[in-house]
Amino acid sequence: MERYVFKTTLFYMAVVLIVIVAVYPFYYAILTSFETGTAIFNPNVLPEAFSLANYQAVLSKGAFIRSVGNSLLIAGVTVAFALLMAVTASYALARVRFRGRGLLLMTILAVSMFPQIAVLSGLYELVNLFGLYNSPFALILSYTIFTLPFTVWVLTTFMRDLPVEIEEAAIVDGATPWVIITRVFLPLLWPAMVTTGLLAFIGAWNEFLFALTFTISETQRTVPVAIALLSGASQQEIPWGTIMAASVLVTVPLIVLVLIFQRKIVAGLTAGGVKG
Amino acid sequence: MARIELKNVRKSYGAVEVIKGIDLDIRKGEFMVFVGPSGCGKSTLLRLISGLEEITDGDLLFDNERVNNVVPSKRGIAMVFQSYALYPHMKVYDNMAFGMQLSKSNPKEIEARVRKAAEMLQIDHLLDRLPKQLSGGQRQRVAIGRAIVRDPRVFLFDEPLSNLDAALRVDTRLEIARLNHDMEDVTMIYVTHDQVEAMTLADRICVLRDGKVEQVGTPAELYESPNSVFVAGFIGSPKMNFLKGSFAAAFDCTTLGIRPEHISVVDEARGIWRGKVIHGENLGSDYFLFVEIGAEAPLVVRRDGKEGLPVGAEIALAPEIPNLHRFGPDDRPV
């Protein structure tokens, strides 16, 4: 019994420690976002001041609101594009036998191994060639390229695990591949789609390097760039308060999204279709 | 409703040939069972008929029309899978209606057909449920119902009872037999590795071995006059006894087959084989004696349930001569 208590205590202490280490930076950001003036530069653990001035400052900037809109548009379209292509691609990769399938899968995976900086200049040329520079499509294109390998891989794995007989039953019922994908597989793939879609959204939402490189005007900026380029009253001042307030503001939508969709991520959706 | 002909049908996967030239004529409205050990190609053959697998060589004809290149949904077939293969996210009703919905049938007719099929199978109270809320037997009925709704020319069953427990298997077997009587015109092809299912359901059985047809015939024909040692051993439970060497030589053959029910315990003077009882199995109505007579395997002898003999008893046995199966060195009957 004593041993049990000791072990449990140790376990929870470890949990608390890990949570503190993981959450502290975010906690500190939230604290800072409510402070103004010199209070920001006084390290404190407990809240000392409470002021919404930073939030007012951020929200009163039209450019920032515009950036949030840009980010929403770009991340949303990226997710839609990526899922559409990934679902169809993964059906082929998981279910259609063709020569070079393994090689193709490996190539797709290899694409995701290049660091962003390695493809930056190439991608820049591409964006210019298509005349997409300083437009949302430049970012949608590059984010989709970087999201697809992961999305395709995850969905291919899921698709492979779906029972073949269900597909064959649909074929006998007269379903075309498109009907199989949309009416039979898609409802079963929801959990995987939500998960990968969410990750793609977060990736696009937080991306910085491409967003900085492919946009120039303030109206085309996405949130991470807008936050980094927030300027203070003078050249020498870094407006930590507003930066933190802006960061908190753009993190909230993500948290809300995760909270909404975590209920949809239901395991065992395929239960009952085949034996077991 | 369809007559199905297979003419020298072959199937290879790369260099491996799994179906090695099959000629078969399945009559209109017949219940044909493909039976054989695992790996004999019976499921593959069914999938070739269904169109889920492409035929490598040969012709497949439905009512004299070549259907090698016709897609499954246009062949007028319906298939019941071993694992049910219901659409997990659709209610029972939608599972059954899906095929007709895809072919854009009139909603009223869909509803009527689904209800009729559901009533036939006594699943009309389950139409609003999801597959996961059903038991195994109910799921298989839904799968059969889905096949009925398609109103097929040919019904294909791929080991539909393998996932059910023993009691349910017997019930569902009966259900399928009844279905066969109710739908007289519909040709049914049924794959199983269970020879009891084959014997009880079939109009004719096709025994497959290693990608080839071993024998085709009514259950009685296969039971009474198997044309190879393989068929003789495969049909019937418990298995036919096979005797070789001097036991067989005494009857001018290489392998002598005799079913357990065709051997009787006789008095010493009339006995042809003598041996000791080493084991007995009482099944209530039947009593199976395992008798060691000096052959490779003990001889199994069927007696009535009340006629058991104690282990260790020395007895004499005699076969019914007309029911002996004599096979030559090529495993064919002499």
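The backbone N, Cα and C atoms fix where each Cβ goes, glycine too.
Those TrEMBL annotations? Automatic predictions, nothing curated.
Here TrEMBL flags A:9-30, A:72-94, A:103-124, A:136-155, A:184-205, A:238-261 as transmembrane segment. According to TrEMBL, the feature domain 'ABC transmembrane type-1' maps to A:68-261.
Here the listed stretches are A:9-30, A:72-94, A:136-155, A:184-205, A:238-261, and the one with the most C-beta pairs under 8 angstroms to the transmembrane segment (A:103-124) is A:136-155.
Counted as Cβ pairs under 8 Å, contacts with the transmembrane segment (A:136-155) are highest for A:72-94 among A:9-30, A:72-94, A:184-205, A:238-261. Panel annotation: around the transmembrane segment (A:184-205), residues 71, 74-76, 78-79, 82-83, 86-87, 91, 139, 143, 146-147, 150-151, 154-155, 158-159, 162, 166-167, 170, 175, 222-223, 250, 253-254, 257-258, 261, 264-267, 269-270, 273 of the same chain, lying at least six beyond its termini, place a Cβ under 8 Å from a Cβ of the stretch. Long-range Cβ contacts of the transmembrane segment (A:238-261) within its own chain (Cβ-Cβ under 8 Å, at least 6 residues beyond either end) map to 26, 29-30, 32-33, 35-36, 40, 53-55, 57-59, 64, 68, 71-72, 194, 198, 201-202, 205, 223, 226-227, 230-232.
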